[in-house]
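What TrEMBL lists as domain 'EF-hand' is 248-283, 288-323. According to TrEMBL, the signal peptide annotation covers 1-22. Sequence annotations record features per position, and here TrEMBL assigns transmembrane segment to 30-54, 66-87, 107-135, 156-173, 185-207, 373-392, 412-434, 446-469, 475-494, 501-523.
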Amino acid sequence: MSPRREHFLLLLLLVDPAAAAAAEGCERTYGVLPCTTTAVGNLFLVLSYGFLMYKAATCLSSGSELLLQILGPGIVGGLFLPILGALPDALLILVSGLSGSKETAQSQVLIGMGLLAGSTVMLLTVLWGFCIVAGKCDLSDNFTSIDSQNEKRFSLFARIMVISVVPFIVVQLPKVFKFPSGQRVAVLLSLVAAAVLMLSYCLYQVFQPWIQRRRLEYAKLKHVISGIFKHAQKLEALGRLLNEDGTINNLAIQKLFRHIDSDSDEMISRAELHAFIVGIQFEEIDLDTADAVDKVMDEFDISRNNYIEEGEFINGISKWLRKAMHAAAASHGYSNKFLDDFHLKTRAEHNKLIQRSDEVAESTDSPTWRSWTCVKAVLLLLLGTAIAALFADPLVDAVHNFSLATHIPSFFLSFIAMPLATNSSEAVSAIIFARRKKQRTLSLTFSEIYGGVTMNNTLCLAVFLALVYVRHLKWDFSSEVLIILIVCIVMGLFASSRTTFPLWTCFVAFLLYPLSLAIVYVLDFVFGWS
């Protein structure tokens, strides 16, 4: 087609879409949206629909954040937000093979796989690398991003992400063992595995606030017990709680029991325990003494008679001394310094959990503000969902038609272009968040990235597998699955094994992106995997 005709048809597409469709003999989506067979015209449509999908993702992200401010974590933060975040990708994957004949669906579904692989790879390479560059924090001279305070949560999400690739492995087993008759069963089993993993991940997110509260309660108890140890070491008449060889000194524990048992009735009452804890004076934290007494009584009073007997006290103190021996640094041996270290460690753990709890609990108490914010959140969510549902199919058609017009494989177009539309708002907010250059914000940024990949590997894959199973499509995506496995496992194991990230690590992540494209090209077009 001559350039003059392409320009004429593009102008006609803008002025009179119906006339342009008639002139080119293409089928208009929904019977009203414009269509074209030219490369320039389809590029314009891809950019237009891509921008609308970007706005849909932005609305969903903004609405989700507002809803989280009102209702807090739990069901909203753990169930709805991850699903809403993956909704644009899931809808695009769904419509890629939902309409048309089986042959058309088999051709267009490659766009859905390209989006699935491209979104995952982009998050773990390009976005991850930019967050390293933007988030260099608490640094010395070697430009290292440090995440020591949140390493458990940080590495946990990376490990969950690695586990989420299991459905990809399951669906590839017939290909690996050359057992084509079992492919349909493998698709079904992989679908079930993806659904179970998604549900498990969402339930973990739902119950995480409850888990956090339990951790805080346990941290408070640990700090009270460590305070008792530290105070006991100051009472020279008791002797040391541990002998020189590291064994527990029961005689010293008995003396401590008698010290607390002020009325010598061989039982420690709540009043006696309260007086002893008040005397310890936990100046470094705001301790609720009554709550501390309840925790210690609940921990030590095995008989539940509302008194701590001598045997219960010895057993309880011995148990916590063994925990302290296990947790504290062995370099200091079993000395006063060893118990001081345990006390400092429990205080730091308690303060860190208090900080997280306060951040979760931050909200505005104004009823008017809450009502308006709730309405705004719902409207943004409805608008984002409507835009995504309406323009997902036209975008897939435009990418497919552009692929036909330019002879560029649709996988590469969807791999590179479509994640930019669905993940741009998430990427921008992640980089801005990382630029705060705080250890905690950087850790949360990476956790969000791993969470997004986990939803891709579970929810979006489940949608894709359901499409393949219901429409009896052929599973022929070995090279695409391979790059997802390589990137997820390499980045997941790398991220979960360390908490400091020198600047050079971003270049490793960046290189994985073009490497993924090269692997797919070589395997599909040189070795003929697809």
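Here the Cβ of each residue, glycine as well, is placed from N, Cα and C on the backbone.
Contact between the transmembrane segment (185-207) and the transmembrane segment (446-469) is supported by 3 or more Cβ pairs under 8 Å, counting only residues 6 or more apart in sequence.
Tertiary neighbourhood of the domain 'EF-hand' (248-283): same-chain residues 223-224, 227-228, 230-232, 235, 237-242, 289-290, 292-293, 296-297, 306-310, 313-314, 317-318, 321-322, selected by CB-CB distance under 8 Å and a gap of 6+ residues from either end. Regional average pLDDT for the domain 'EF-hand' (288-323) in the model is 86. For the domain 'EF-hand' (248-283), the DSSP counts in helix, strand and coil order read 22 helix, 3 strand, 11 coil.
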